[in-house]
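Trainee: Handing you a structure now.
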């Protein structure tokens, strides 16, 4: 298991969603079907035997990342799979190999190393090392530069674009009364669960807008590569994320470009993995020289590199889209800070806009697997069709409490840690997605807003894994 990230091996990695203990890999077995399925005994040598009608030695099972994506045995426990290309060991290997090629002047094989850092890991690292959030970004950039990074970026522009695309998609669906309730798509744990468990029933409701990570992948491998005049395959793009499931998302075939022979995101490391790397370096984050983050999208960078998007903690989808839709569809301007009403628990909240006594917009935020299950079951029974949009995140409290965020210190409760991270987030400057820098990317690189090119690069599709599984034998390990 040397290829598995050490952070995944050594910690409790349930990422707040209770995984099924039944991993299913479709294996064709020529035997009669039974009502109970085949029982498998795992042996010490990692082989297993089928023991229903006499013992039968089977081959060793090798589970790749693609097997995991095509499987519905677990829900989101990507972290339990051997993801050899998504570990800090692999990252360090690539960085060292690249430094060696530079030292030997093997310029034809030198890769451009680009890091992209999401906001939530910066909050986690800032709290862990007791420094400011913007400072944590600059010190982290310095650390990555010391490892051999050529560029270090923030996800700000991708966060902005994701909101612009998602809100426009919602307004179009609302006007056409098509595929509502619309469900957010930025959480890979939620998308993986939907594909594996509910298939074609739920998939049309999910927004086609790519997550900020994958939008950033497009910008780096298409836009930035063009600016640098290097092939996309020659760029090694690393993202720093709050969630192990982002590793699975980056590995989807939808995000591999056959034209460029390159993935949009080559490697994902997480907050807790960065902490582990820093621990192994025997230095704290603040001990690395601070370096400004790069801003390759225009000549003038923004005043800050780390921004909040509304007051909600997972990208601000529900809040931002609600405000935009109220103005765009009904010429209503809600208060700058919306108040969501808590329902059965703090992770399920809703907000309503009424006009002439009628409810014209009804949005919700559903965080945590329990609320996701309830939401889907109600959708199937037709009981939540009055919700127009739901922001769905797999982790309780959303991405700020992601399964790969740095763990609480001894004696500190998860709720207390989450509250402190929320305070850090709420003190960040607020980003307006309709800023001139974002508009510049649309005009200069995407042929404008709502163009064929922008849709091709900024949207994705989903797959009914359930129907594929119905063709295979259900095996309990």
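Glycine is treated like the rest: Cβ placed from N, Cα and C.
Owing to the predicted nature of the structure, the values given are computational and were not obtained by experimental measurement.
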Trainee: To which of 166, 187 does Swiss-Prot also attribute binding of [4Fe-4S] cluster 2 at the site defined by 243, 395, 399?
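Mentor: Of 166, 187, 187 joins 243, 395, 399 in the [4Fe-4S] cluster 2 site that Swiss-Prot records.
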Trainee: I'd like to know which of these binding-site residues, 187, 399, is least surrounded, judged by other CB atoms within 10 A.
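Mentor: Result for the binding-site residues 187, 399: minimum number of other Cβ atoms within 10 Å at 399.
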Trainee: Given the binding-site residues 243, 395, which one is most crowded in terms of C-beta atoms within 10 angstroms?
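Mentor: In terms of Cβ crowding, the pick is 243.
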